[in-house]
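Notes for the one structure printed next.
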């Protein structure tokens, strides 16, 4: 009986406890039930980051707890899974330095797994086929490889050496597959070639010697941070490989690194949406650990931000599961619940924004919206020089905001080296040199001969550029001691070079440097065609003579007919009628007129006059007809070949005498020439000038106001293919413009064949067989 009472008492006690617990949950919601998050890492910083993140993000009534469990082995895997179930862990967050057990425990206990460093464990997870899908917060090796390939494509680097750890060979294989579409030459160096310690001095020396034997432009590192430091330090200490070498790190980078001054070192770091918050969080953690700020805080910013975002993802998914009524508590009977499967679905649908930007996962649990900061080593510190956004179209993912410099500040001048640089290029729209074409997606591209030339120079010297238009649309002229247009952009330092139809003049050469000319052309007069006689003209046969000439011809016909009739009538030797008086019908007045017309048209007459005086008159008239016909034929032939009125303007003097207005571009070399000239003839041009802001406006004046446009021959001939004609005047030349006395491209010679523009009835000068470009100091 006592035993029964004791049993009943236990049951009653349990029931009362359950009711109190239930009432607590009804009144306070889930706050009375802790929701535990397991942090599996060997990094104290990552563990503390999750704790700080729990305090920072927990604005609800839920109680979140975290615990750290690391250094597991295969022997205690069972105990670890049992511990997860006993403590009702909802989510496992996996950090650095962990092994297969996180994936295995997640699969056995049906607990969602969120990884901070997917790169370390990708090979492990693929080898365990039973492992349920996990979620990776950091970028995968695929993203790093694609970012590296974008850099290589941008600068045209095709010869490279891949230095890799054995456990990251799958990354090298993926990168190699990306390079198949490019004409790349790949060399491979295994950083773990023997059984010796890969970080030993002998092994590092072996790697450096192998690098020396290969003539690669770029060395890509698929190794950990410690190995990266050792290799670059060995290169630095041995003073080897002193040539301009490019190193690209595929993966995590140390924010401080020692390298040779002349080397270019490039890395990637996951973009931080709130870098200041991450830096403050790191400072708080390191102060807690060491009591003072760690001098290398930058090395931990990405890890701390990712750990914080892992907590954010877990809490966001759990809140939504609780709000939808699908949350259930675990139990201590080691029975696997369905809660983990449901929570996995909620995590897969998470869409939020954390310290590392937008967070969402694809069907494989990888980050969708991966963004990188492009880092460049300068004075042994990595600085941001651009960005890589995987959400953008392939051609627009990589964007550099600064040059990729050599490590030392002293080498920024690079002694003529442009490789890895980003130049700002100012241009002025001028067909066919620079044209702006709109695309269907709303963007635009620059095209034209000058742009093709720029692309070829950039390809050969491996630099990139950003084009923008001159703010005032002018080439550059000096006004009251100050320059405008593209020249002003160079002088103000807003642009590195100017690429457009910019003429080399003495005044411009005093303030900026030019390359050797890439084209020679003449200044042409662009005038409007006289279209008054174009088309079908039935009276064109009258055009050789004026109205006065034709009137004189008619009077001669009448006069000859009248005189011939009178001579035949009065002469006793003339042809008489039957009565022997007057004149015969053959030489009546009407037939005399017919005689004159027949002679004029060289058809011959039916009857010839008999009197000597009449014959003298007829002979003289025939000679007159001979001269008249020859003159008329010559003038008529001329009108059918070239309209003589178009040749009324064949020189500048003729253009001035025509009384027409002149137009040329504001800020152009023609504008400056006529403005500053003292020659009387040219001053007359300046007095009649109309300034145009663009070629289109100038051509409009030519067509509508019958003005004369003075411009470069190439531009005039291109425009003349559509409407006005042009006449040559003089010769000048054009070139790419640079800062005065700056270090530029060295001895670059380009051979230009037929231009695509020239192939469509464009000026022959664009298809000249050879044009030289030499860019020098």
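Note that Cβ sites are derived from N, Cα and C of the backbone, with glycine treated the same way.
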532-549, 550-567, 568-585 - the one TrEMBL records as transmembrane segment: 550-567
Of 489-510, 599-620, 621-642, the range TrEMBL labels transmembrane segment: 621-642
Candidate ranges 720-748, 749-777 [criterion: TrEMBL lists as region 'Disordered']: 749-777
Candidate with the highest Cβ count within 10 Å, taken from the recorded positions 508, 675: 508
Alpha-carbon distance [residue 675 (site 'Interaction with the cone snail toxin Con-ikot-ikot'); residue 508 (L-glutamate binding site)] in Å: 15
Rounded distance in angstrom between the Cα atoms of residue 503 (L-glutamate binding site) and residue 675 (site 'Interaction with the cone snail toxin Con-ikot-ikot'): 16
Long-range environment of the transmembrane segment (550-567) - Cβ separation under 8 angstroms, sequence gap at least 6: 542, 574, 583, 587-589, 592-593, 595-597, 600, 609, 611, 613-614, 617-618, 621, 624, 628
Three-state composition of the domain 'Ionotropic glutamate receptor L-glutamate and glycine-binding' (432-492), taking helix and strand from DSSP: 20 helix, 19 strand, 22 coil
Other C-beta atoms that fall within 10 angstroms of the C-beta of residue 503 (L-glutamate binding site): 21
Secondary structure at residue 675 (site 'Interaction with the cone snail toxin Con-ikot-ikot'), reduced by DSSP to three states: helix
Mean of the pLDDT scores, which run from 0 to 100, over the domain 'Ionotropic glutamate receptor L-glutamate and glycine-binding' (432-492): 85
